[in-house]
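**Student:** Input: one structure, supplied below.
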Amino acid sequence: MIIVAVLLSFLAHLLVQASQPWKALDAEQALYVYKRCYEDHLPSGSDRKTYMTLWNAWRLEPNDAITHCYAKCVLTGLQIYDPQENAFKSDRIPVQYQAYKTITQSKQKEVTEYQKALAAANAKSGSCVDLYNAYLPVHNRFVNLSRQLYHGTVEGAAKIYAAMPEIKQKGESFHAYCEKRAWKGNKQSEWKNGRRYKLTGSPELKDAIDCIFRGLRYMDDTGLKVDEIVRDFNLINKSELEPEVRSVLASCKGSEAYDYYVCLVNSRLKQHFKNAFDFHELRSADYAYLLRGKVYENPEKVKEEMKKLNTTVHF
């Protein structure tokens, strides 16, 4: 039965991918990838700053296992590489270009050359080192172009944010962003109840929770990402709750974001979930939060820092 369930999940993923045209990544989506891959792959030792300096400059160095897996993380996150197909997706390059060509000022000829070079790259086993070796020559040749296409410069990303006020801005939490989208300035008392974790079940609250779950990367079009929710419990020093978190989510009836939200709020995990959810709200306003060495202390500290949120740029 487990094998059948896994197979059905995989087939569902493929069907979702096949039925929807690929969408270009905006500046928020790209920034999330870069910072998350830093979080997951930067070493904790004395050479951490060296890696960060090199990666910030888009240099895939040093040539070691750490950089290899960082490169795979970014390629996967930017959807240049598809792990399900174990293939580089060269057909997505012109889609990314067309979406932002008036802002990036990239040249069609160079984009075509980049696409051809990526199409010729062989992912082989799909391991970190194989992907690194396959993509490195492409990267070195087209690094300036790829930085333009995937919003990898401060100036370029700023132009995208300015041109797209409809996406979450830097310094704005996903909770605040989704509140604006769902309520459009109306029914403020209802959203305040939502902020207090009251389950009103209103269409606006359901829309807001769906938006937040997607923004925090708890969900995407393929379904719930349980590991991401577990990670948030780990980040508030509650890793021992992982089995219970997984159990609550697995036994939850329904498949919408609000369904899972209700299950967590109504479970014995409620207070810990609130702490994890609030801490992620803070981090969602500043994707460099953890990279600056900041860690979870307590709920009061999170509330204090939330009051200080502004539009300070952290890139």
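Glycine too: its Cβ is placed from the backbone N, Cα and C atoms.
In case it helps, Swiss-Prot gives these features for our protein:
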BINDING   W55, Y70, K170  thromboxane A2 binding site
BINDING   W58, G152, K170  leukotriene C4 binding site
DISULFID  C37-C73  disulfide bond
DISULFID  C69-C128  disulfide bond
DISULFID  C178-C211  disulfide bond
DISULFID  C252-C263  disulfide bond
SIGNAL    1-18  signal peptide
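What's the neighbourhood like for these features in this structure?
**Tutor:** Around the Cβ of W55 (thromboxane A2 binding site), a 10 Å sphere holds 21 further Cβ atoms from the protein chains shown.
Using a 10 Å radius centred on the Cβ of W58 (leukotriene C4 binding site) and all shown protein chains, the other Cβ atoms total 16.
In the shown protein chains, 21 other C-beta atoms lie within 10 A of the C-beta of C37 (disulfide bond).
According to its DSSP assignment, C69 (disulfide bond) is helical.
The C-beta environment of C178 (disulfide bond), restricted to residues of the same chain at least 6 apart in sequence and closer than 8 Å, consists of D207, A208, I209, C211, I212, G215.
Counting only same-chain residues six or more apart in sequence, the Cβ atoms lying under 8 angstroms from the Cβ of C263 (disulfide bond) belong to V248, L249, S251, C252, K253. DSSP assigns C263 (disulfide bond) to a helical segment in the three-state reduction.
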**Student:** Any idea what the Cα distance is from Y70 (thromboxane A2 binding site) over to C37 (disulfide bond), rounded to a whole Å?
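**Tutor:** About 6 Å separate the Cα atoms of these two residues.
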**Student:** Consider each pair of residues in W55, Y70, K170, all listed by the record as binding thromboxane A2, and report the largest Cα separation in Å as a whole number.
**Tutor:** 23
**Student:** Considering only the recorded positions C37, W55, W58, which residue has the minimal Cα-Cα separation from C69 (disulfide bond)?
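**Tutor:** Closest candidate to C69 (disulfide bond), judged by Cα separation, is C37.
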**Student:** CA-CA, which of the recorded positions C37, W58, C73, C128 lies nearest K170 (thromboxane A2 binding site)?
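**Tutor:** Result: the closest of the recorded positions to K170 (thromboxane A2 binding site) is C37.
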**Student:** Using only C-alpha positions, which one of W55, W58, C128, G152 is spatially nearest C73 (disulfide bond)? These are the recorded positions in the record.
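**Tutor:** Comparing Cα positions, the closest of these recorded positions turns out to be C128.
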**Student:** Which secondary structure state does DSSP assign to G152 (leukotriene C4 binding site), in the simple three-class scheme?
**Tutor:** coil
